[in-house]
Every structure is written in structure tokens, then in C-alpha cells.
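Notes follow the structure.
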Amino acid sequence: MTDHRIPHVTLPATAHESALELPAIGQGTWYMGENLSPRRDEVRALQHGLELGLTLIDTAEMYADGGAEEVVGEALAGRRDQAFLVSKVYPWNAGRDSAIAACERSLKRLGTDHLDLYLLHWPGNIPLKETLEAFERLREQGKIRRFGVSNFDADELETLHALPDGNACAVNQVLYHLGSRGIEYALRPLMQRLGMPLMAYCPLAQAGKLRQDLFGHPVVREVADGLGITPAQLLLAWAIRPVAGRRNVIAIPKAVQPQHIEQNAGALTVELDDASLARLDETFPAPDHKEPLDII
Ligand code: NDP
């Protein structure tokens with residue numbers, strides 16, 4: 001059941017699936033399964049997030065060499081039906097047969113018989129047509145419900161969209177946060193036109209200096225303080241803000257610390273007023289020309 005009090009993004013219907021509403025904030029898992037934090041904390045974090053309504057969980061065969069998928073599998077044991085589960089295939093595993101085998105390995109680690117969404121992690125050398133055929137086979141076999149892509153810029157997405165079944169691509173997952181707005185020039189408007197939701201990765205700028213600069217920025221602090229929220233909540237509420245009256249972005253912050261999970265879920269109910277948005281625009285302007293796709 002969708003909780004209509006929280007903002008959601010609609011995945012359009014496909015030839016095989018009905019339209020589906022997803023909460024606009026989900027959970028990432030990169031760096032889980034690498035012993036950077038105790039495994040039980042990672043498992044609990046994902047379960048806590050689920051309980052707070054962050055039901056989309058994003059993982060990949062790449063993360064911890066499958067270790068993150070195992071953490072997710074443990075978190076979802078006995079509650080698989082509560083999650084919308086997304087995983088990703090390496091570009092070099094996205095061939096006619098290799099994609100089937102990669103997906104089966106992911107399913108085994110995740111302890112489930114299907115993914116809700118399977119993404120091509122980034123564009124590679126295997127022809128897209130072949131990857132689409134493999135995704136369609138996986139769908140027919142019931143192993144995935146939908147497919148999508150990640151790290152596709154506007155030209156790549158247009159090429160994909162023009163292929164047979166390419167218009168069934170459910171999402172494109174790309175880097176997007178207040179300090180990296182390049183996609184707003186071409187990619188985001190294109191996706192808006194195609195009615196394709198965007199999944200925003202690194203919505204909190206992950207780590208390092210850029211993140212410190214953003215979180216500590218006087219304008220970010222001023223706007224966050226004015227709204228009584230944290231800088232992280234401001235960044236998340238900003239990433240999922242509706243544009244031209246439509247909400248089209250699902251942010252997928254990764255968090256292990258319980259207070260982070262709680263803040264991230266709390267960001268779902270933050271309303272950014274026009275004055276706050278304008279203040280952020282002044283300091284972090286939208287692009288006025290095409291920029292290369294930001295990738296981590
Ligand atoms: P994020 O921008 O989500 O940042 C994660 C960091 O933010 C962690 O250190 C986390 O700490 C911290 N954090 C989380 N919530 C808060 C909060 N409320 N306040 C302060 N700090 C907070 O970076 P990611 O790189 O993890 O991106 C998110 C997800 O996107 C990934 O986990 C992955 O699933 C996906 N991704 C996809 C890519 C692709 O190519 N398709 C590339 C990169 C990411 P802690 O864990 O200690 O709580």
C-alpha cells in the first residue's frame with residue numbers, strides 16, 4: 001500500500017507491469033559488506049529504513065564483490081515483499097547469456113527469486129540491443145520485473161530509447177546533488193519528456209572535500225537552520241523537489257547510522273519554500289550549457 005502522505009514518484013506502466021508509486025527517498029548500499037561497519041549494523045540500518053518507509057533498496061553486483069547484495073539479502077529475509085529491490089549488472093556481464101548468469105548470481109546472494117528493477121550499471125561495449133534482449137529474457141523468466149540503466153547521458157538515452165523495447169527502460173540512475181547540477185541542462189528535461197523517473201545517486205555528495213564544503217556551506221547552513229532541518233535533509237529534499245509541478249526524482253542515500261536513517265526518512269516530509277529554493281539557486285546555479293555527465 002502506498003502511503004499518500006509521503007512524496008512518491010510514479011514508475012509508468014509497461015506492457016507487462018502496472019504503474020507503481022515509489023517513495024521519493026530510498027536506500028543505497030555502496031560500501032556495505034566491506035567491514036567498514038559491523039554487518040549487523042548494516043542489516044539493521046536497512047531494516048530500520050524499511051520500517052520508516054524507505055522501501056526502495058539499491059544495490060549492485062559490484063558493491064563489495066557481491067557482499068552488499070548478501071547484506072541486503074540478510075536484511076530482507078522474511079520481509080522481501082516490503083522492498084522494491086534494485087540491482088545492477090556490470091557492463092561486461094550484460095551479454096545475451098552472461099546477463100542471465102549474472103542476474104542468477106545476484107538473486108542467489110539476495111535470497112530472492114526476482115528483482116523489481118535491474119540496471120545496466122554504465123554503458124559498455126556489448127551492443128545495447130543484446131543487453132535489451134537479455135533483459136527481456138530475464139523478464140519472461142520472472143527474474144526481473146523491469147529494467148533500466150545508469151550513468152547514461154542524454155545522447156545515450158536517446159539511442160537506447162530508439163531501439164526495439166528501449167522505450168520500456170524504467171529509469172536512469174545518475175549522480176545528482178546540489179553541488180552537481182549538470183544534468184539539469186539536457187538529461188533531466190529529456191527524462192521529464194520521456195516520463196522516465198531519475199534515480200539520484202550520491203545525493204549527499206558521498207564523502208570527502210566536496211561533501212564537507214556543501215554541508216558546511218554558509219548558505220546551506222542558513223537555509224537548513226531556517227527550516228529547522230539538517231544539511232543532509234536539505235540536500236535530500238532539494239534533490240527530490242518537483243520541477244514544473246512534477247516529482248520525477250528518487251534519491252537513494254546510503255546510511256548505516258540510525259540517526260542518519262531517521263533524518264533521511266524525515267526528509268520525505270520537508271517542504272522547501274520558493275524563497276529557500278531561490279536562495280540555493282543563487283549560490284548553486286543551474287547550468288546554462290551542456291556539461292559532461294558527472295560520474296563517480
Ligand atoms: P551518499 O551521497 O548517499 O553518501 C553516503 C554517506 O552519507 C555515508 O557516509 C553516510 O554515512 C552519510 N549519510 C547518510 N545519511 C546522512 C545524514 N542524514 N547526515 C549525514 N550524513 C549522512 O553516497 P553514495 O555513494 O553511497 O550514494 C548513494 C547510493 O547510490 C549508493 O550507496 C549506491 O547504492 C548508489 N550509487 C550508484 C552509482 C552508480 O554508478 N549507479 C554510483 C554511486 C552510488 P553512514 O553510512 O555512516 O550513515
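Placement of Cβ uses the backbone N, Cα and C atoms for every residue, glycine included.
As annotated by TrEMBL, active site, proton donor applies to Tyr63. The substrate binding site annotation in TrEMBL covers His121. Per TrEMBL, domain 'NADP-dependent oxidoreductase' is recorded for 25-282. Annotation comment: TrEMBL describes Lys88 as site 'Lowers pKa of active site Tyr'.
Here the features listed in TrEMBL are placed on the structure.
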residue : record                               : DSSP class
Tyr63   : active site, proton donor            : helix
Lys88   : site 'Lowers pKa of active site Tyr' : strand
His121  : substrate binding site               : coil
Cα-Cα distance linking His121 (substrate binding site) and Lys88 (site 'Lowers pKa of active site Tyr'), given in Å to the nearest integer: 5
Largest tally of Cβ atoms lying within 10 Å of a Cβ, found at which of the recorded positions Tyr63, Lys88, His121: Lys88
For the domain 'NADP-dependent oxidoreductase' (25-282), mean pLDDT (0 to 100): 97
Integer Cα-Cα distance in angstrom, the residue listed as 'active site, proton donor' to the residue listed as 'substrate binding site': 11
